[in-house]
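Notes follow once the structure below has been shown.
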């Protein structure tokens, strides 16, 4: 992770003046998606970079210690060893950026990674994920428990009511308390953008979250009807850029929810490069929240190396 974001005082004046030009944002998103993407060796290199930015995630009601153990092994060995050797990348230490689980599974993930001799951090969702409709006391305690069990990153989720009713001071104060409860753990703030009503609200919520000390801002829980979309991504990364210009503090960005294909990953990487530059193309400042994305990336790497697509039995399960 990059240096912590200390946050700033809440600037209600600048928040009140924000107005996002939605048609312009949508046109820009269409332009990005219509461009020719990278090919051949360049594409393979970008896909390996994407692997190193993945928060490999399982947030299912049937999670057990055994499937957490399997997920941790896959995080340590995301691409088949022979494929990496064919690309001369077997000794580059390619792993996913983190494992992301529910608080109750943090201890299982920490144990599995320690057994594997791996220092991949464990991230935990918290604060009443995904709806954030439990009491503030309960949400704060959930953070503390996850940190005590070994989580190095906490993905909090905001109370959407505070955004929809314009309670920016309330949102700021809640996130400040979450940040304090995280202690040394880095905090990613999930905005659940599909439930915020407008792109203007997305920008405002992004800025308030960063002012309150968020180390990352994240699009979605993955449980909303609408998750990570490119227009939302444009608004959020421009908020990240504006915050950096104003304060000198670098905040990371994490799209999550519905990112399933290698093509999706490339599109998000292109957005980051165009809007924020190469510095934001590393796991310190960019993450992809995904549970099935890695399988398609490995399939594309297999095709790059062998010239054919893999059958399901050719690749290890995530």
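Even glycines carry a Cβ here, placed using N, Cα and C.
Here is what TrEMBL says about this protein:
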- 218: active site, schiff-base intermediate with acetaldehyde (ACT_SITE)
- 254: active site, proton donor/acceptor (ACT_SITE)
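For the active-site residues given as 218, 254, the lowest number of other CB atoms within 10 Å of the residue's CB is seen at 254. A gap of 4 Å separates the Cα atoms of residue 254 (active site, proton donor/acceptor) and residue 218 (active site, schiff-base intermediate with acetaldehyde).
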